[in-house]
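Chemist: Structure in structure tokens, see below.
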Amino acid sequence: MKAIIVLLMVVTSNADRICTGITSSNSPHVVKTATQGEVNVTGVIPLTTTPTKSHFANLKGTKTRGKLCPNCLNCTDLDVALARPMCMGIIPSAKASILHEVRPVTSGCFPIMHDRTKIRQLPNLLRGYENIRLSTHNVINAERAPGGPYRLGTSGSCPNVTSRSGFFATMAWAVPRDNKTATNPLTVEVPYICTKGEDQITVWGFHSDKKTQMKNLYGDSNPQKFTSSANGVTTHYVSQIGDFPNQTEDGGLPQSGRIVVDYMVQKPGKTGTIVYQRGVLLPQKVWCASGRSKVIKGSLPLIGEADCLHAKYGGLNKSKPYYTGEHAKAIGNCPIWVKTPLKLANGTKYRPPAKLLKER
């Protein structure tokens, strides 16, 4: 009579096989167990897969955001985040978002000095929220701000639906009307105007140019000082005055000046402040954002649907519970990463035939 041996399913951090079975007579497969080492069994089921790189996809069972504004054609995410004319559309809500613009990108209205602020992070900050909307009202009256009255500057590289010249909807380029003189630092309070308890993302900045242009626009060709403060974070800037080479953005007009753009996050009910001199870009429409969207670095376009979004492999469908290969951030219904392949023995343990006893 054959003895029956039962191998229990064992999972340990040191094991690279999972095994279960009973005695049998043939053994084309070898598995490794925690208690008995290598064991011959008659059949196994692979539990791991090694994915190949593929396109990213929409995550099954949830809304996935690729571009901030899918219907804003020929617009970068920075265009949308700054509310460039012709790039103002609805940002759909999403539980998951793809971070796809990993390098600094430009915005067509005006040459931006990316290296002086964290503005390149603004699209990704917005992408991390589930719900994002642009306010319908301006946060301050820029024309009557301290140091005014101001006229609001525009750029021929920023045409909108009604004019051949415009500017970002999130900022007002404050150019003195009559009082083109130097000024001591001025302060404007930025109220909280979001209505649903959201975070308020307020965009602001300043313009600088060569000395002759600064004198013509503002009456002061010296470097100007700027400070923003909100939610316990204070940032200081001094404008850079110099002869910048003419630069054309997105097929627009050559620009001799540059703008520095920054943002501050205001929590519900909290007021921010901006201290400024000449050349300020005062905040106008603000972003109201709430909820959290899981963010993963990927590439566009999003094609089809997938169970899992993996930073290295793209969209994955969970065909097996484990995977090998590159370990990276993943979101969704994802297989578990393991270092070496796992197998489940569904056959029986091999036992060599017993030797015949000599008759006496």
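Yeah, the Cβs are placed from backbone N, Cα and C, and that goes for glycine too.
Source: prediction; values computed, not measured.
Swiss-Prot lists 1-15 with the feature signal peptide. Here Swiss-Prot flags Asn40, Asn74, Asn160, Asn179, Asn246, Asn317, Asn346 as N-linked glycosylation site, drawing on sequence analysis.
Could you place the listed features in the three-dimensional structure?
Modeler: Every protein chain shown contributes to the tally, and the Cβ of Asn40 (N-linked glycosylation site) ends up with 19 other Cβ atoms within 10 Å.
In this chain, none of the residues that are 6 or more apart from Asn74 (N-linked glycosylation site) has a CB less than 8 Å from its CB.
The C-beta environment of Asn160 (N-linked glycosylation site), restricted to residues of the same chain at least 6 apart in sequence and closer than 8 Å, consists of Pro85, Met86, Gly166. In the three-state DSSP classification, Asn160 (N-linked glycosylation site) falls within coil.
In sequence order, Gly147, Gly148, Gly219 constitute the residues six or more apart from Asn179 (N-linked glycosylation site) in its chain with CB-CB distances below 8 Å.
A C-beta separation below 8 Å, combined with a sequence spacing of at least six in one chain, links Asn246 (N-linked glycosylation site) to Pro254, Gln255, Ser256. Following the DSSP three-state reduction, the secondary structure of Asn246 (N-linked glycosylation site) is coil.
According to DSSP, Asn317 (N-linked glycosylation site) is assigned to coil rather than to any helix or strand. Around the Cβ of Asn317 (N-linked glycosylation site), the same chain contributes Ala306, Asp307, Cys308, each under 8 angstroms and 6 or more positions distant in sequence.
A coil conformation is recorded for Asn346 (N-linked glycosylation site) in the three-state DSSP classification, outside any helix or strand.
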Chemist: Give the three-state DSSP assignment (helix, strand or coil) for Asn40 (N-linked glycosylation site).
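Modeler: DSSP assigns Asn40 (N-linked glycosylation site) to strand.
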Chemist: Determine, to the nearest whole angstrom, how far the Cα atom of Asn40 (N-linked glycosylation site) is from the Cα atom of Asn346 (N-linked glycosylation site).
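Modeler: A Cα-Cα distance of 12 Å.
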Chemist: Including all protein chains shown, what's the count of other C-beta atoms within 10 A of the C-beta of Asn346 (N-linked glycosylation site)?
Modeler: 13
